[in-house]
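> Quick one: this structure, given as structure tokens, is what I'll be asking you about.
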Ligand SMILES: [Zn+2]
Ligand SMILES: [Zn+2]
Ligand SMILES: [Zn+2]
Ligand SMILES: [Zn+2]
Ligand SMILES: [Zn+2]
Ligand SMILES: [Zn+2]
């Protein structure tokens, strides 16, 4: 099956390219900027009706043209999102400098709020990745949460311990994080994201050695500063391939943080592809009492059962504490699958074509059952799936490609696959 | 993964519903059901479905019902209450239902014709991914109709086993329904639970029900009767009384479906609905389309495989290449089958 899937997606790319060429031919001679205007010269579509009044512009066609431009401008390679597995420590500087109030109400409060948003976004975009939190204050680094996959437990821990005092120590933070990250599996990407408020660092030894150590272990270190640029942070990021940026205000801080949520493209090269054994536990019925293996406490309802050893765990993703199997929720993985199997672009069917072959064309959209005829029984603009040859209205075209990611026509045909293979 | 936020929280035209009913017409399933005298025949199943559709219109005349047939080779919309005028007539079978039965019969015959040479393939699933996708497109059209539209939901009445080859398409449909806050209710009338529909109902905040037998029916009946909240508005009282009657009148497995699925979303938040039996989160492997509860995941693209492969057939990554400067310990840890996550 896999082979045929692969073949099919190759086929898709061919069709895409063909479409692209066709497009070039249509817009032939026009510069890119001219084409943009050509699509939006809405005044030309103004029409008068019988009594001389202007008819409302058909926004639908314009909107659809914009959508098609958008979908074509995404190169087919970008449609495959790399689901890299990342292991990230967030280091939050809670030294005295974090109590400054140039950010309202204070740097610390603003950082906490935005780190929370970042954590949620991170897990949304990196389903199998793990994250941990480290605080720096009073010249020492302390681990707040270990690497884990549950956004809620990190956020709870973060919000519970917000006090700042003393000096910051970049070296202590890096040493602590290095100790944890060197143990992660080799398919994982090791990253550190530091939110640094202080203008100095109070280190016990030679920080340059620590930086080299991180570089050797392929730990990518990035810093988002809240005050001015400092040399040692810049050096750290340069050496380890990370990003160094300074936040000007709160919205800028948020933007800089969220830049770190999608997997960085550069480190994709570091990736050692690996097959990881995982289990998809069954969720227990509500109201069932059992003892969980993670907290060793009786729990009512919910919970998941390890498919290998049948131990009960409270939340996913996690590692079974009895047999060590990595346990994940399969829908969590499945959310990204539409990137792997994108559906073919539908081709536009022009009214002239359809009037010639009207017998063959059904009156209704295959998806929403809406009539494909304009008022007055004139055929409107619509699209057809090149694989199953079903017709769709423009609204369904957009919905199918941007949200549903299935072609209802192809999914409603048991034999669509062999037929395609025969055509190729 | 947490279930969808309460479906009742999104504001729709008050208590008018759009119900998309996906009816499994798989000839393989109904063929075996006919051979087994203890199970329901297709014709008596249809009479329950018709009684159910009728009850939806009785609860609120404005309710909008669309029926999509889920076949073995094809899917088709066979009934749309908005396309017919005189919906309710009190004697016998209204003309619109005759049309529904006629369309359905035609569809089943065509669907069966297409699978004459398919008896050897061993596939017995029906094309649920197709009818779900069609239903979602239809619902989007109703969303486009304006700010005041009926509350949409999907009811899958499914007898055939899951088709693992539809895994990705079904999950795509579930996520799209979740984003649009459309609950997917499931009524499984086959012998086995459906892992797809358990996940669909769990993720979208719908109800999953696999009716047992008559004893199960009385449980549901008493559950409905224990509902004596005095805050009931008149409309709900009527619906409630009707449902009780319906449950008493039809003492077969399918009448439970009316009690549970005819209640609108608002009543649902008050009414105690059957608790889920748990959720089967098994997935399908990309290599053989087997349903598995344990497997291997490609760390680059997250494809699922049931056995170890040298190369990912989805993204082309080659697995298990020792890294040039990896330490011995590193390589050991990477050995297939024994990955360790850090526990610092
Ligand atoms: Zn626990
Ligand atoms: Zn286990
Ligand atoms: Zn449509
Ligand atoms: Zn198609
Ligand atoms: Zn397999
Ligand atoms: Zn892969």
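Glycine too: its Cβ is placed from the backbone N, Cα and C atoms.
Remember, TrEMBL labels are computer predictions, not curated facts.
Not my notes, these are from TrEMBL:
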type	residues	note
COMPBIAS	A:13-25	compositional bias 'Acidic residues'
DOMAIN	A:87-276	domain 'VWFA'
REGION	A:1-31	region 'Disordered'
ZN_FING	A:306-323	zinc finger
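For each feature listed, report its degree of burial, its nearest neighbours and the pertinent distances within the displayed model.
If you take every residue in the domain 'VWFA' (A:87-276) and average the pLDDT, you get 89.
Helix, strand and coil residue tallies for the zinc finger (A:306-323), in that order: 0 helix, 4 strand, 14 coil [DSSP].
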> Below 8 angstroms Cβ to Cβ, which residues of this chain, lying six or more residues outside the zinc finger (A:306-323), approach it?
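Residues packing against the zinc finger (A:306-323) from afar: 128, 148-150, 279-282, 284, 290-295, 299, 329, 332.
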